[in-house]
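Participant: Have a look at this one before I ask anything.
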């Protein structure tokens, strides 16, 4: 299963924020510079992460963005569920004439559930804590 770029960059943004010293704010511009993604795309991602409670956005001169909850409380599977459209195939009868008898959708649904269940075993903290190579690449040592 390949994640959309929206989910990919959402996870990367969270990884970046989790790599910063606790409580330190960053900016959308800083995140876009680190990953080379368009600002408009990142704004949409951060807005959705903020609505879901994963990111806190503070407006104003001293504002910015930071994690909305501890990295240890953010399950990767939950983030993917929030950001990723998880429908792998279009099974409407208008697009596929075998829909009434097809078992593929059920098989794919079970596969997606297994994928998400595995991701639920990891928190954001698991991905970033004591990961010196990551800090070095993100320039947040």
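Cβ atoms here come from the backbone N, Cα and C positions, even for glycine.
These figures come from a predicted structure and were not determined experimentally.
Residues or ranges marked as domain 'HTH rrf2-type' in Swiss-Prot (evidence: sequence analysis): 2-129. Annotation source Swiss-Prot lists DNA-binding region at 28-51. The [2Fe-2S] cluster binding site feature in Swiss-Prot is assigned to 91, 96, 102.
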Participant: Measuring CB to CB from residue 91 ([2Fe-2S] cluster binding site), give everything in the same chain under 8 Å that is also at least six residues away in sequence.
Facilitator: 99, 102, 104, 105
Participant: Take the domain 'HTH rrf2-type' (2-129) and count its residues per DSSP category (helix H/G/I, strand E/B, coil), listing them in that order.
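Facilitator: So the domain 'HTH rrf2-type' (2-129) is made up of 71 helix, 11 strand, 46 coil.
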Participant: Tell me, how many other CB atoms lie within 10 A of the CB of residue 102 ([2Fe-2S] cluster binding site), whichever protein chain they belong to?
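Facilitator: Counting Cβ neighbours of residue 102 ([2Fe-2S] cluster binding site) within 10 Å gives 13.
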